[in-house]
Amino acid sequence: MESTTLASLAAVSVLAAGAQTDMSDVLWLLILGFVIAFILAFSVGANDVANSFGTAVGSGVVTLRQACILATIFETVGAMLLGAKVSETIRSGIIDVHMYNGSEAVLMAGSISAMFGSAVWQLAASFLKLPISGTHCIVGATIGFSMVARGHQGVKWLELLRIVASWFLSPLLSGIMSAVLFYFVRKFILNKDDPVPNGLRALPVFYAVTMGINLFSIMFTGAPMLGFDRIPWWGTLLISLGCAILTALVVWFIVCPRLKKKMQSKCLGPNIADTSGTQLVEKKPSSNGLMDHHPGPPRNYSPVPQTPPADSNKVAFDIGGSAETDLDKKEFDTKDQDCTHALNGSGGIVIPDLSGNQFHTVHKDSGIYKDLLHKLHLAKVGECIGEPVEKPIRRNNSYTSYTMAIYGIHGSLKDGEGGSRTGLDGEKRRSRYDSYNSYCTAVADGEAALEDAALAVGMEDEALREDVLEEDIDELEIDKPEVSTLFQFLQILTACFGSFAHGGNDVSNAIGPLVALWLIYDSASVAPSAPTPIWLLLYGGVGICTGLWIWGRRVIQTMGKDLTPITPSSGFSIELASAITVVVASNIGLPVSTTHCKVGSVVSVGWLRSRKAVDWHLFRNIFIAWFVTVPISGLISAAIMALFYYVILPLT
């Protein structure tokens, strides 16, 4: 009996040694696969991860650095907890791996080809600032190498059709969910004269739904390392509901009173907050005497003559070696009054005649440009502006907004409203002052600016308000400061959950082929039954976060600013609806596109806010990129696989 056991152990040892010897010949493929997999994970981070926090950065609730830190945490955790299930679909759900029995090296070479083709196209798309689907890339690349190695028989076409259908359904469903959610937010909160009461009542519901949905998803996935695989579905449902109710109670009794107190303290005076990227100014604490209220009787803000004597309000700025004239209280009040009426379209403003017609370039960090103009305008807008703050002049950049505000130039005066002013003057009026010397150009064109402001005074108030914003975001709503306060942290929370969902869904795009490589090498089988190693998912998460930190800002700009303006309220609707769609898809093992869900939500909410708010030209380019992703990544993968199959592998 003992000799039989020893003989059996010896036979097993010989077979294992033979298998290990055979697989050692393809060790170089495994090493090459790890290198290319990290590059692929880098490209996924540079392109796909930007979708998670792009709207949060675009609305201004977090900075780019803060977004990268949060994404690093939640992408990695989501990859380890949710990524294993979707990796199974990517690894063995697209092609029939049993066709590669006895030719493991061919399947390993195919996995490398798929990762290479996907990485190249995603890096190219990131360079072009186009958000594309990482799932599209890896699926197309997998089909490409399989067509070279085994022809069309190696592809599961029905599975491919199911995935293709999900590509169209995911943006549609996510867009509908986001639009419906934002519709109710706008109807019951944003459109109210006082949005705070309804907003505070809705906060517990929003937090509870966000927490409950994501907790159910995490637990229903059944992560073995957390013991969730031993909890039945009804237990998962009860735990999720309990946590959601607890979250709602905490928000109602702790968070809401603090927010209400915070907003009441800020309501002592009007606030102008730059939370949407389209506001005119940015609220900053006052550190200069120019911002303080002046003692004395109330000021009279009645209209002033359109063309007061130039000598009465002349100011000399200290630029370089220029002379300086102190502003006493009377002169300061006069200038404040003129500036305010120029902003409201009810009065003119005098352009000082600089001696010698010598103009100085005022750079971005100049004290006169940064302190005097900014603080003077901020103080007057906060104290005595008569227009509602929902429709300020859009800030194309800092130079344009300050210059237009000081000189009373309205944002979108049409050519025909200037009467007989054509030619060179019309060109000056339409210029956007986008360079560093825009301030000097505005001074030189002061006379034309005065005429434009005078023309605007005669227009009706309603028509003037409709003409303030640029044509592309006409009638676009802007969140009030109190609404922004309500939705800021909520959008951060939904963005974090969206990043978590993305880590679970899209880490498979980078690690699925690498998992196949490792398991083939480790077990010498093309269809191993071993689960996905956690350390491989962590490896992919590190590569994804590296790509986000180094190159993620390009696609963040497209998603958060270029496609459509984002506010905290609309960003919350986008984040929550798209996160729910992606998390549910991850739990059923369907590799939907996170990019499609997010872009669908952004476009639908932007269109609901205003039909002209969406950059349809950019959306067309993104849509075209979606359709060419599968064939381009497939062709690149097929070319690399042909090189392996016909040249490299026969030589080894």
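Think of each number as a place in line: the chain as shown, counted from 1.
Yeah, the Cβs are placed from backbone N, Cα and C, and that goes for glycine too.
Bear in mind that the values here come from a model prediction, so they are computed numbers and not experimental data.
Of the candidate ranges 448-468, 532-552, Swiss-Prot annotates residues 532-552 with the feature transmembrane segment. Topological domains recorded in Swiss-Prot put G227 on the same membrane side as P531.
Between the transmembrane segment (483-503) and the transmembrane segment (202-222), three or more CB pairs separated by 6 or more residues in sequence fall under 8 Å, so the two stretches touch. Scored by C-beta pairs under 8 angstroms, the transmembrane segment (26-46) has its highest count with 532-552, from the stretches 105-125, 235-255, 532-552, 622-642. Listed by sequence, the residues of this chain that lie at least six past the ends of the topological domain 'Cytoplasmic' (553-571) yet keep a Cβ under 8 A from its Cβ atoms are 46-47, 50-51, 53-61, 64, 67, 126-127, 129-131, 182, 185-186, 189-190, 275-278, 473, 476-479, 483-484, 486-488, 490-491, 495, 598-599, 602-603, 605-606, 609, 613-615, 618-619, 622. Put simply, of 105-125, 163-183, 202-222, 532-552, 622-642, the stretch with the most CB pairs closer than 8 A to the transmembrane segment (235-255) is 202-222. Sequence-distant contacts of the topological domain 'Cytoplasmic' (643-652) (same chain, at least 6 residues past either end, Cβ-Cβ under 8 Å): 25-26, 105-106, 109-110, 112-113, 148-149.
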